[in-house]
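See below for the structure under consideration.
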Amino acid sequence: MKKIAVLTSGGDAPGMNAAIRAVVRTAIYNGIEVYGVYQGYLGLINDDLKKLELGSVGDTIQRGGTFLYSARCPEFKDKEVRAKAIENLRSRGIDGLVVIGGDGSYRGAQRISEECPEIQTIGIPGTIDNDIPGTDYTIGFDSALNTIIESVDKIRDTASSHARTFIVEVMGRDCGDLALWAGLAVGAETIIVPEEKVDIKDVAEKIESGIKRGKKHSIVVVAEGVMGGQLCADELAKYIHVDARVSVLGHIQRGGSPTGQDRVLASRLGGHAVELLMDGKTALGVGIKQNQLTQTKFEDIFNNKGSKFDKQMYKLAQELSI
């Protein structure tokens, strides 16, 4: 292994810069040249690569986002387009590629490993949704979780002051981990996630029951993949008359300085990715389980989507929100 490239793809997540830093410094420490690919897979297609030195990643571990930029690249699904990207890697003598991102990013890496076996590929899970099998946590999840908690704590102050019900919409298209963990942490009265079917009438009855017990306000946390916050409020209004407001947290969840946990996680996974490349491994996603570094085949990751949801935690949240 003499030259590797690293890119970030898909939605940005706090801690991506820390992962890039770990990849670059681990590689250089072991005598490997590193090239940064700008704007994800689009950069591979356009040959937008730049050699990275130790100084290139100085003062980045605490920064949110990704200094390599990120972009969604649907055209990478085209085999002819991928062939151009692969040729760009070959022409530079790059024999290893580290991809930081989510499910779609991993699929692009798998295609490269299939169509050009001499270029090894390793995926690092970077997404706030925490929806990648093969790891307990993805880079950015803890940071986004803490952003949500801080925001909802402030929203609850207002909800309490005005005796209102607040519907808080958080990210999570197919995975409800952000909603579940945040809802449990802020003491939400109701948590609505894609993995568990919820009848809005039951939610309304629960809120009404609380009001009868003297409860003045409620917090409902809903994952965007189930329904929008406004739709949730409109549906509730069919069953109960409460002063309900909607707060869509949106892209604030992706921004900000990564937490200590995300910085450490990103550093460990970034270093491990380089070690796997040096060992001749390919088509693997790195992760962490029970605080131990792991690696999982891309195909196993794709075949186990939706397997991570913690039903016991959901049950606990239901019991604590009576």
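For all residues, glycine too, the Cβ spot is worked out from N, Cα and C.
Site annotation for ATP in Swiss-Prot covers ARG72, CYS73, GLY102, ASP103, GLY104, SER105, and the matching candidate from GLY11, GLY172, GLY176 is GLY11. Among the candidates ARG82, ARG156, ARG254, the residue that Swiss-Prot annotates alongside ARG21, ALA22, VAL23, VAL24, ARG25, GLY187, ALA188, GLU189, ARG213, LYS215, LYS216, HIS217 as binding ADP is ARG156. Cross-referencing ARG164, ARG263 against the substrate binding annotation in Swiss-Prot, which names THR127, ILE128, ASP129, MET171, GLY172, ARG173, GLU224, ARG245, HIS251, ILE252, GLN253, ARG254, picks out ARG164. Note: the ATP site is recorded as GLY11, ARG72, CYS73, GLY102, ASP103, GLY104, SER105; in the same chain, SER9, GLY10, GLY40, GLY101, GLY108 also have Cβ atoms within 8 Å of that site's Cβ centroid. Neighbour density for ILE252 (substrate binding site): within 10 A of its CB lie 14 other CB atoms from the protein chains shown. Cβ environment of GLU189 (ADP binding site): LYS206, ILE207, GLY210, SER218, ILE219, VAL220, SER321 lie under 8 Å away, each six or more residues apart in the same chain. Cβ neighbours of SER105 (ATP binding site) (same chain, under 8 Å, six or more residues apart in sequence): SER9, GLY10, GLY40, TYR41, VAL99, GLY123, GLY126.
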